[in-house]
Amino acid sequence: MTKIIFMGTPDFSATVLKGLIENPSYQLLAVVTQPDRAVGRKKEIKMSPVKEVALEHHIPVYQPEKLSGSQELESIMSLDADGIVTAAFGQFLPTKLLDSVTFAVNVHASLLPKYRGGAPIHYALINGEEEAGVTIMEMVKEMDAGDMIAKASTPILEDDNVGTMFDKLAILGRDLLIKTLPDYLSGQLKPVAQNHAEATFSPNITSEQEKLDFTKSARAIFNQVRGMNPWPIAHTYFNGERFKIYELLAIEGQGAPGQVIEKTKDSLIVATGSGAVSLRVVQPSGKPKMTIKDYLNGLGRDIKVGDYFGQ
């Protein structure tokens, strides 16, 4: 039985962890995840999805703010694990930890060498990619630059967003890891080096990237909105107040970018630099998320053709 330490934090990671737990070939010695955080308006302390899974299965949990130089690091190294598996962990592993195990692999949510970094699924959608995927790779000191053990892809559909793609890729990554790890550990599956010249990067989304620019094409705005749903959520401004947009459609239409060019009882069409967008699910400042129909029947009843978003 291969003794493993698992490292990760979000739901994506938890799905991969469950796959390892359910496989009798592996013994989970410990889980390393981010500390519990205060979330939401009420600032309730919440544990990570990975911690929840670990506690359900009575697996010891370590939660260092930063693994390198921590007391937890020494405890983790003393466990005498065969290897480490990470998935969306978000920290570099110290060299001495990597040197202390026989193997260390990462489940990364992109088709490397494209989209190294912390937000690969967001960028795949924002950039209008037609497919996304996962790569099982060896861990090295450079971010997501290790040799590739296996890759798998899946189409990005028109109704996909970050949430749906996270779910799809978590399952894809889990299954690919379970399928290929035995052959990798036995030496039958040889890793392949990445072409570093083709590497692209996906740093964490900034607040400036969340802001919609209606001079862009309708298709680009559509991709930006779904590439930030359900987090961090794209936004614009209306009458000087922040206005979040969860869903919209790219359609035909002409007008000045940001201008309302059509309004009915259940639709609101806004012009872009090329084409137009039909708003579907929105969230005015300080209000809950709602359909555009509910918005127009209430808070947005006074919006008229000729008004502008983005101001």
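Positions of Cβ are set from backbone N, Cα and C atoms, glycine also.
DSSP assigns L111 ((6S)-5,6,7,8-tetrahydrofolate binding site) to coil in the three-state reduction, outside any helix or strand. Taking a C-beta cut-off of under 8 angstroms and a sequence separation of 6 or more, L111 ((6S)-5,6,7,8-tetrahydrofolate binding site) has the following same-chain neighbours: E131, A132, G133, V134, T135, K151, S153. The feature (6S)-5,6,7,8-tetrahydrofolate binding site is assigned by Swiss-Prot to S110, L111, L112, P113.
In sequence order, A145, Q194, N195, H196, E198, A199, T200 are the residues near P113 ((6S)-5,6,7,8-tetrahydrofolate binding site), counting only same-chain partners six or more apart with C-beta under 8 A. Compute the center of the Cβ atoms of S110, L111, L112, P113, which mark the site for (6S)-5,6,7,8-tetrahydrofolate; besides them, the chain residues with Cβ within 8 Å of that center are H108, K114, Y115, R116, P120, G133, T135, D144, M148, K151, Q194.
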